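Database features (Swiss-Prot):
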type: BINDING; residues: Gly31, Gly32, Tyr33, Asp49, Phe76, Asp97, Gln104; note: S-adenosyl-L-methionine binding site
Amino acid sequence: MTHIPVLLKEMLLQLSPHSGGIYVDATFGAGGYSKAILESADCKVYAVDRDETVTKFYDDLNVKYPNRIKLFIEKFSNIKNLLDSNNIKGINGIVFDVGVSSMQLDNGDRGFSFLRDGPLNMSMDNYSHMNASTFVNALREEEIANTIYNYGGERHSRRIARAIVNARKKKIIKTTFELADIVRSVVFRGKSKIDPATRTFQAIRIWVNDELGELEKGIKAASEILSENGKLIVVTFHSLEDRIVKTVFKDLCEPGSTKTFSLLNKKVIKASSEEINVNPRARSAKLRAIQRLS
């Protein structure tokens with residue numbers, strides 16, 4: 001599956017890149033946003049990603065746009081320290097496209113997808129001491145149930161947690177297919193088009209990568225390094241992420257905050273029906289944007 005950037009036109013419209021501008025793509029991935037920004041104006045892009053496998057996409061862009069893009073392999077929660085330590089200032093815009101990428105899902109060895117057999121990993125950076133195997137084989141039943149419920153919205157979380165614990169008593173759960181089969185054995189699809197393992201895999205991935213904590217830290221750090229009139233744009237894919245962005249943006253726009261921001265759009269921006277037809281992944285995407293006033 002080719003990774004198609006979601007809400008690309010809408011992101012560019014909000015960002016409005018200009019010649020001489022300096023922009024940060026905090027979630028480089030396959031480079032879709034970075035490429036679009038570089039194409040739209042004679043500007044510079046600093047790209048950030050915790051997954052070192054993205055360097056192949058960066059190399060392609062660096063050849064096409066020499067001296068205009070630089071990649072850092074780092075978590076975006078460290079974005080302020082990263083840019084400060086490299087003396088990068090005058091940031092005109094920062095974009096986030098959060099969540100797992102198609103290339104991560106498509107690689108069975110990364111262990112993100114129940115559609116491809118592979119080791120239980122799900123780590124976005126491959127350096128984490130915690131992975132999906134740790135989650136299913138080491139955590140207490142109550143912790144497993146609460147995480148699957150809170151991060152996956154799975155109402156059968158306790159049933160799933162009990163099944164996982166019973167299965168690991170017999171042998172270590174090693175692969176994505178093994179885990180998916182355990183979940184499916186106690187949660188039945190019925191008429192739903194959604195695979196019973198979907199919410200459980202989402203919850204484990206969020207736990208492994210501390211995605212919600214990273215997101216909150218990342219956008220707060222990004223807000224501190226924007227120049228006056230700089231824009232901060234975040235695209236999310238599920239309600240937990242969007243709630244964090246909405247809350248942080250609301251706090252930043254409150255009168256009396258250290259740096260004053262304003263919402264670029266009062267209502268959240270969603271994908272058009274045309275985009276959803278081409279890229280079904282866009283259905284759940286939401287874009288929020290703010291601008292620093294002072």
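Note that the numbers count up from 1, one per residue, in the order the chain is shown.
Backbone N, Cα and C define each Cβ position, glycine as well.
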What are the non-local neighbours of Tyr33 (S-adenosyl-L-methionine binding site), defined as same-chain residues 6+ apart in sequence with CB under 8 A from its CB?
Pro5, Leu8, Met11, Asp25, Thr27, Val95, Asp97
Across all protein chains in the structure, which of the binding-site residues Gly31, Gly32 has the highest Cβ count within 10 Å?
Gly31
Just to be sure I understand the packing, how many Cβ atoms besides its own are within 10 Å of the Cβ of Asp49 (S-adenosyl-L-methionine binding site)?
26
Looking only at DSSP and grouping its letters into three states, which state does Gly31 (S-adenosyl-L-methionine binding site) belong to?
coil
Any same-chain residues 6+ apart from Phe76 (S-adenosyl-L-methionine binding site) with CB under 8 Å of its CB? Would you list them in sequence order, or say none?
Ala26, Thr27, Val48, Arg50, Phe96, Glu214, Gly218, Ala221, Ala222
Specify the count of other C-beta atoms within 10 Å of the C-beta of Asp97 (S-adenosyl-L-methionine binding site).
24
